Amino acid sequence: MALKQISSNKCFEGFQKVFEHDSAELKCKMKFGIYLPPKAETGKCPVLYWLSGLTCTEQNFITKAAFQQAAAQHGLIVVAPDTSPRGCNIEGEDESWDFGTGAGFYVDATEDPWKTNYRMYSYIKDELPKLINANFPTDPERMSIFGHSMGGHGALILALKNPGKYKSVSAFAPICNPIQCQWGKKALGGYLGPDASKWEAYDATQLVKSYSGARLDILIDQGKDDQFLSAGQLLPDNFIAACTERKIPVVFRLQQGYDHSYYFIASFINDHIKHHAKYLNA
């Protein structure tokens, strides 16, 4: 699968790059950001996947999160894909900011007209890692995942649905219980149809109730002044209650005064990189 390099910038002795490729899964051109630490020039490195939130592209994280220094120090390759297929010419794909373009929700759609292209779950789980492992100096056995908001939801469900695939998982302000919030109902209803029982396969709070895989050590940071927390879109309490019941370790940190923005992410990104490095470099 051919990769086309879009940009390359030296950063903390490594390189922040952006590539484009034709996705077989999504049937469109997709971009991803990849940070290659200095260590990647001499040996194989673990890979940390970042999933961004609503309206984002591959650019938001790589330009705003200030993660590269910590990634360089810990020798981690960090991959930041786009959040949804682009330019598929589906009627209605650009009508709203929380559905369609920029809002793939990390599910495999089953409804027309979305099911042909909107297969972000399989893209992140299978196609992208294969592409990364084939083209970069990775250690395929050492892989972790994290994300923000809709991407935090994506990271949690991917870790919970694929026990043992990811060494660790963390999230910033994740959408924890999408079957119970307006964002989730709109997206899951649109992509998966009206039968709400089908939505549960992509809901972290539901998935954790039946999780029986390898031990997962989950880290979640949530801004206390996050407007979407108070609006009932994120529902972390439901997820924490389900984890507690199942005795699944979760560190939940409510950060005083922080909102939903990348200023919040940049403030705690080093803690998350360190969290993943502990497992990836073990």
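Each position is counted from 1, following the chain as shown.
Every residue gets a Cβ built from N, Cα and C, even glycine.
Taken straight from TrEMBL:
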{"type": "ACT_SITE", "residues": "S149", "note": "active site, charge relay system"}
{"type": "ACT_SITE", "residues": "D226", "note": "active site, charge relay system"}
{"type": "ACT_SITE", "residues": "H260", "note": "active site, charge relay system"}
One should report the C-alpha separation between H260 (active site, charge relay system) and D226 (active site, charge relay system), rounded to whole angstrom, as 5
For S149 (active site, charge relay system) and D226 (active site, charge relay system), the CA-to-CA distance in whole Å is 11
For D226 (active site, charge relay system), the nonlocal same-chain Cβ neighbours (under 8 Å, six or more residues apart) come out as A173, L234, Y258, D259, H260, F264
Checking the active-site residues S149, H260 for other Cβ atoms within 10 Å of each Cβ, the smallest tally belongs to H260
